[in-house]
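According to TrEMBL, the protein has these features:
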{"type": "COMPBIAS", "residues": "A:594-612", "note": "compositional bias 'Basic and acidic residues'"}
{"type": "DOMAIN", "residues": "A:281-395", "note": "domain 'ABC3 transporter permease C-terminal'"}
{"type": "DOMAIN", "residues": "A:770-880", "note": "domain 'ABC3 transporter permease C-terminal'"}
{"type": "REGION", "residues": "A:594-613", "note": "region 'Disordered'"}
{"type": "TRANSMEM", "residues": "A:20-39", "note": "transmembrane segment"}
{"type": "TRANSMEM", "residues": "A:271-302", "note": "transmembrane segment"}
{"type": "TRANSMEM", "residues": "A:323-352", "note": "transmembrane segment"}
{"type": "TRANSMEM", "residues": "A:372-393", "note": "transmembrane segment"}
{"type": "TRANSMEM", "residues": "A:423-441", "note": "transmembrane segment"}
{"type": "TRANSMEM", "residues": "A:453-479", "note": "transmembrane segment"}
{"type": "TRANSMEM", "residues": "A:499-518", "note": "transmembrane segment"}
{"type": "TRANSMEM", "residues": "A:771-790", "note": "transmembrane segment"}
{"type": "TRANSMEM", "residues": "A:822-847", "note": "transmembrane segment"}
{"type": "TRANSMEM", "residues": "A:859-876", "note": "transmembrane segment"}
Amino acid sequence: MKLWIKLALRELSGNRKFSLFFILNFSIGLVGFIALNSFNFSIQNHLKNNLKEILTADIAVYSPRPLNQKELNTIDKVLGNERQESHQVTFFSMISGNNLSRLAMVIAIDNKFPLYGKLVMEKNGQNLEDNSLPIKDNSLPQKKPSLPFAWISRDLAVTLNVKTGDTVRIGNMDFMIEDIVISSPGNSVTPVELAPSIYIDISNIEETGLTGFGSRIRYARYYRILPETTTDQVLMAKTIELRNSLAALFDGEPLVNVYNSEDVNRNLGRLFGYFTGYMGLVAIVALFLAGIGTSYLFRGYLNARLKEMAILKTLGARRIDTYFLMTLQVMILGFFSTVLSVAFSFVLLPFFPKVLKGLIPVNFEIAANPESLILASFLGTLGSVIFCLPLFVRIHFLKPLILLQGSDRSAGMHVNKIITKNNLLKISAFLPVSITFWILAVGQTRSFERGTFFLLSFAGVMLITGLTGTFLLSGIRFFSNTGNPILKIAFRNLYRHKFSFISCFVTIAMGAFLINVIPQIKNGIQDEISRPEGMKIPGFFLIDIQPEQLNELEIFLKARGVALDNASPMVRGRINKVNGVGFYDRFGSKNKKNITEDQNREKSRLNAREEGAGQGRFRRREFNFSWREKLDVSETIVKGKPLEDTPWNFHDDKPLEISLEEGFAERFHLEIGDIMLFDIQGIPLEGRVVNFRKVRWNSFQPNFFILFQKGVLDDAPCTYLASVPQMPASEKMPLQNAMAGKFPNISVLDVNQTVEQLLDITDRLTFSINFMAWLAIVAGLVVLFSIVRYETRTRSMEINLLKVLGAGFNDIIKITFVEFGFMGFSASLFAVILSLGCSYGISWLFFGNLWSFRWEYSLFSIFSITVISLFTVYFASRSVIMQKPVVLLKSA
Amino acid sequence: MKILQVKNLVKSYPQTSDNPLTVIFDTSFDVCQGETVAITGHSGSGKTTLMALLAGLDTPDSGSVMIRGEKLGKMDEDRLARFRAEWIGIIFQQFHLMPHLTAKENIMLPLEILKYKSEDIERRANRVLRQVGLDKRKDHLPSQLSGGESQRVAIARALVVEPSLLLADEPTGNLDTNTGEQVADLLFDLVDSSGMTMIVVTHNIELAARCRRNLKFEHGRLQAASMGN
Ligand SMILES: Nc1ncnc2c1ncn2[C@@H]1O[C@H](COP(=O)(O)OP(=O)(O)O)[C@@H](O)[C@H]1O
Ligand SMILES: [Mg+2]
């Protein structure tokens, strides 16, 4: 053992350049992955440690109406008296102040808020250090000022151009801004909100006059269980008990949701998982490309070591000893790669919060965590072995006989000859690499299907690239039949060194492919978001229009020269059953009262699919329903037949006809023909799914998941959604202010502003994903560098011979440049073409054909990759090219 | 005592055309303990092939090689490696030293692989180093040694385990005449003084002349050469 370690270290230190390249190359591949995972682990830890602050409670109960006495009694019974309690009501409303207006989230709190965490405010910042929340000492009602107080978020203060002491109006009531909120618990997770928040006292909500309009109000009760030492298990048990006891009060789906911090954890974890998942996949590709380079480097190294291993074998080393020796060397290098990449990742990590600002918790700090370090060293040491494993086949076939026969170079060639006959072994040696990447991909995407899909498409792209490379080689062979000696030599060099050409071609092309395909997809999405083709995005989107306001609003707008478009009624209700089984029961095993045959059938249908919207605890209890005279331009039926044109008759036995949005149907596993039981304001209704609609949500027109046949909802209490067409920017704010003044209950969403926010987010996401893609390119360049360096060295004889035969220094440079320039150019050109194809395909598959071609970026990438390749090649081959041919004599 | 028994050895190499190239035809011979045997023959006659078979580095098509009463063909690869390391020393034309180990480390290597005690290793290595006259150069890497010195290290490495059989394939083939003679002198001194059995393939007539027995490889068979003593 000691002997082999000594030998391993000796051989590595005897091959310093190789070791250095290996480490550099592999660590570049690792760094993105490690940085991303450190970030991931950090964020998970952060969430875990702050769950209660995020929820602001141990247990929260949410409902769309105030809880009744029966429900409150149940809570008392389950939670006991040892508890603190805080009440909250939230709803969206227009806030006006200083002649400006903005849709905001009104958070009405009591003086117990928050039970965990703290509000950080501008003025009272100093007092807060000792955790004495101002609201507890001088809570709003106690002060009895002339106007009630409000605390507004900084965002809102900026938008409305107000400061402390100014007045804002919510509904029918004026509030005085007492302070500006810098950060608040609960809101600190994802600060990007479509609506900024404003805090008022819960006792003032009635007076705003906004609660009566059936607008989307959420009533919340937060509980902090005493004593403080209550364990998480007890809290969990109480949560479940409360959930079940409250559910038992309801006939169908309960209106009340019970959450605890575990639910917050699961949901946020999923959110960040999605978000880092795609970056992770790109990081995997970078790692893979670096792996190709690593294994290429190792191939050269191993070939040089074969002779030594043969010597060791004649001296009595067993086959296993030789494996061990090489594995040890790779592991040592892998370990140092890890160390280096961890060091690199510390440089990278601080950029994550900057790039992702607004998407991650405000007070989040990245810390080195043991999990990611363990993952890193595991991946570094074992990963490098796994990459080099396919080459270990060479050791297997090594016979010390070669020592008697001929020169050193024949060792590798001798082994090559045997290996080419053993295709099965060769292929099976690649299994560990494939399996490792498969596991990584599944881990990153947190989904078996998506991970597998990724791996297969990746393998497909690799295969296409490899085949194209091979195809190019035969073309090159043809081209080498030219009179021009430089072209002739350059092209001949290319096809004579197939393995290195394919390796370079594949790595460069894959890197180039990545940096092209992601922006390409993004372009399409961005274009679509900002100006959907064939559709006009409206200027405003209006929510919560009361039926009796509809006429008045239309006249009001007409007077200002704008139309009210697409006014669509919206009725709230619940979905109780699908095919006889509780809507959410179909996903879990809750409430196993009496399972009928129907239920069994329904469950087995869903059993296979584990992932679904029904899984989370954040279940939607209420849905919006609408009906239409005719479909909007933004929606089309993709499956099934149109809804019946005649109004539905209550006295008919026939179920009413329903149209579902495609994605909604998929999420809740609904099929055409399914019978759904609804509860619309207490009235049970039975409907049958007759078609699926594709909806372009980015049209920002009123659209619904569920459309009913005409006539069903005529008498149900409803509100209206509508849109207002685009208008000059200068006219927008005055109109919005006027509407907010005249119709304070109508929420007005500035569509352009929302689009900008979305674009900002996609921009930052693509930036971070693209950064990973550039890592892949760098990995590819390191590969190129190492390959060129290795090739020019093994070819140095040839090069020097050319010099002796009269080729000038310039000729040699030209040959090298033609050779590798051609390689870089063809690889990036191919990559661009492939990326166009793929991005088109992806857009078509996932984003409904959103695709736009930006030739500038593609051209730039081809150009820059070719030039960078040439530079890399120049630096890699310089020393050999500059050599004086006299070495020919010396080395003889 | 017979240390090496070769019976009906046949070896051929597959060729691109159908009929294989048979290099060794039905060859049998024995070598006794303490004998020195020179094998001569023109280039391409099959000497190296024979050496490879004797060292167990290659397998014959038929026939057997028996060393110290054990058939090489019966051993699996690892057993053979162990056996070879213990009983057979091999000296190559191209020296084949480990490039990143010093002269002394190269010599110690076979003992370390065979897991000798470290005092033993040290003692034996120092002794052989002295015997081949390289104690002054023991810390040099192969790249810092001349051809003759390298071959002396290789000889020391082959002898340090005190094998029963020493196989040398053109040990002076890569050296100039003078150096070759010195190396040959050294080799014979060491072999003679230890009573070791040696089979040496050589073009060097003087080297062959110093061997007790001379064999010539011709047309795939070994024949006693006329020029022995
Ligand atoms: N691995 C091999 N495959 C095919 N032919 C071989 C191989 N090794 C040796 N030969 C052929 O066998 C013959 C004997 O080779 P060798 O034993 O090396 O001769 P010598 O050592 O006497 O010069 C030569 O003709 C050589 O070309
Ligand atoms: Mg020979």
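Just so it is clear, glycine is given a Cβ too, placed from its N, Cα and C backbone atoms.
Note that the structure is a prediction, hence the values are computed from the model and not measured.
Cβ atoms under 8 Å from those of the transmembrane segment (A:323-352) belong to residues 4-5, 7-9, 11-12, 19, 22-32, 34-35, 38-39, 298, 302, 305, 309, 312, 317, 366, 368, 373, 376-377, 379-385, 388, 392, 395, 768 of the same chain, restricted to positions at least 6 beyond its ends. Per-class residue totals from DSSP over the domain 'ABC3 transporter permease C-terminal' (A:281-395), listed helix then strand then coil: 95 helix, 0 strand, 20 coil.
Counted over residue pairs 6 or more apart, the CB atoms of the transmembrane segment (A:423-441) and the transmembrane segment (A:271-302) come under 8 Å in at least three pairs, which marks the two as touching. Annotation: stretch A:453-479 has the most Cβ pairs under 8 Å to the transmembrane segment (A:499-518), among A:20-39, A:271-302, A:372-393, A:453-479.
With respect to Cβ pairs under 8 Å, the transmembrane segment (A:271-302) is most closely packed against A:20-39, considering the stretches A:20-39, A:372-393, A:453-479.
Here the transmembrane segment (A:372-393) lies next to the transmembrane segment (A:20-39) in space: the count of CB pairs under 8 Å, restricted to residues six or more apart, reaches at least 3. Mean per-residue pLDDT, taken over the domain 'ABC3 transporter permease C-terminal' (A:281-395), amounts to 84. Counting residues per DSSP class in helix, strand and coil order gives 98 helix, 0 strand, 13 coil for the domain 'ABC3 transporter permease C-terminal' (A:770-880).
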